[in-house]
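Peer 1: A single structure is presented below for examination.
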């Protein structure tokens with residue numbers, strides 16, 4: 001899965017346009033058909049163009065990246081092959097969308113997260129099940145799983161019909177600060193990748209999950225172009241640091257207070 005990468009000067013000046021909205025997993029393999037029951041695919045509804053991944057966290061809610069937002073979205077749940085439909089595959093429209101917009105102790109790097117309430121609940125099935133929210137943040141060095149229908153080549157946008165999966169590592173935040181000028185030391189993001197290169201999220205992997213020890217720890221957010229370069233990790237929105245907001249919105253408090 002290779003994330004959309006941008007030149008350093010564009011990264012500094014145009015954060016909102018440099019995200020991995022089109023990134024795919026580079027260096028991975030086709031996911032096992034039953035290992036991504038929570039992975040959803042977001043399409044722009046009017047053109048039915050694939051735009052991003054997302055993660056089902058219960059029967060009514062999907063968590064994805066804010067930069068994946070579009071005026072019209074259609075969500076496929078339980079999909080593996082884009083062109084071969086499972087009997088239990090389901091489709092939903094957003095009923096409500098909530099984008100994190102807190103300013104206290106949160107910078108522009110910390111806000112790429114969106115909750116989508118589905119127009120009606122999904123039915124869990126052989127290919128559909130939620131992913132658990134984290135009970136604690138991941139530790140540095142953790143081996144984590146990334147997945148998506150994003151680009152599988154570092155430079156040419158070769159998009160697969162099926163999701164690809166790969167293992168990457170949680171890395172020292174200082175490595176990402178060296179790559180992404182302006183990234184604060186206190187950023188509520190995770191730095192993850194493979195230091196020797198060759199494996200990464202990429203274009204159109206945006207919004208998909210970073211899974212560590214079976215828990216939903218990160219959302220594909222930002223990376224470099226070309227993807228999968230040595231010593232160039234990627235950034236993932238840190239789900240654990242947004243838990244209070246997520247749980248408040250799901251509980252019906254749409255005016256949820258910003259986390260500390």
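Backbone N, Cα and C atoms are what each Cβ position is placed from, and that goes for glycine too.
Pasting the feature list from Swiss-Prot:
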ACT_SITE  67  active site, charge relay system
ACT_SITE  112  active site, charge relay system
ACT_SITE  206  active site, charge relay system
DISULFID  31-165  disulfide bond
DISULFID  52-68  disulfide bond
DISULFID  102-258  disulfide bond
DISULFID  144-212  disulfide bond
DISULFID  176-191  disulfide bond
DISULFID  202-227  disulfide bond
DOMAIN    25-251  domain 'Peptidase S1'
CARBOHYD  101  N-linked glycosylation site
CARBOHYD  105  N-linked glycosylation site
CARBOHYD  123  N-linked glycosylation site
CARBOHYD  156  N-linked glycosylation site
SIGNAL    1-18  signal peptide
Peer 1: Sort out for me which one of 31, 52, 102, 202 has the most neighbouring CB atoms within 10 A, since those are the disulfide-bonded residues we care about.
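Peer 2: Buried the deepest by this measure is 202.
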Peer 1: Where the distance is taken from Cα to Cα, which of the disulfide-bonded residues 68, 165, 212 turns out closest to residue 206 (active site, charge relay system)?
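Peer 2: That would be 68, nearest by Cα distance.
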Peer 1: Including all protein chains displayed, how many Cβ atoms other than that of residue 101 (N-linked glycosylation site) lie within 10 Å of its Cβ?
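Peer 2: Around residue 101 (N-linked glycosylation site), other Cβ atoms within 10 Å: 10.
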Peer 1: Quick check on the disulfide-bonded residues 144, 165, 191, 212, 227: which one has the highest count of other Cβ atoms within 10 Å of its Cβ?
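Peer 2: The residue with the densest Cβ neighbourhood is 227.
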Peer 1: Hey, of 31, 112, 202, which of those recorded positions are within 10 Å of residue 68 (disulfide bond), Cα to Cα?
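Peer 2: Of 31, 112, 202, within range: 112.
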Peer 1: Among 52, 102, 191, 227, 258, these being the disulfide-bonded residues, pick the one whose CA is nearest to that of residue 31 (disulfide bond).
Peer 2: 52
Peer 1: Using a 10 Å cut-off, grab the number of neighbouring Cβ atoms around the Cβ of residue 258 (disulfide bond), all chains included.
Peer 2: 14
Peer 1: For residue 112 (active site, charge relay system), name the DSSP secondary structure in the helix/strand/coil scheme.
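Peer 2: Its secondary structure by DSSP: coil.
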Peer 1: Between 123, 206, which of the recorded positions has the fewest other CB atoms within 10 angstroms in the structure shown?
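Peer 2: It is 123 that, of the recorded positions 123, 206, has the fewest other Cβ atoms within 10 Å.
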Peer 1: Going by C-alpha distance, which of the recorded positions 52, 67, 102, 176 is nearest to residue 112 (active site, charge relay system)?
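Peer 2: It is 67, whose Cα lies nearest.
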Peer 1: At the Cα level, what's the spacing in Å between residue 67 (active site, charge relay system) and residue 227 (disulfide bond), rounded?
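Peer 2: Given the Cα positions, residue 67 (active site, charge relay system) is 19 Å from residue 227 (disulfide bond).
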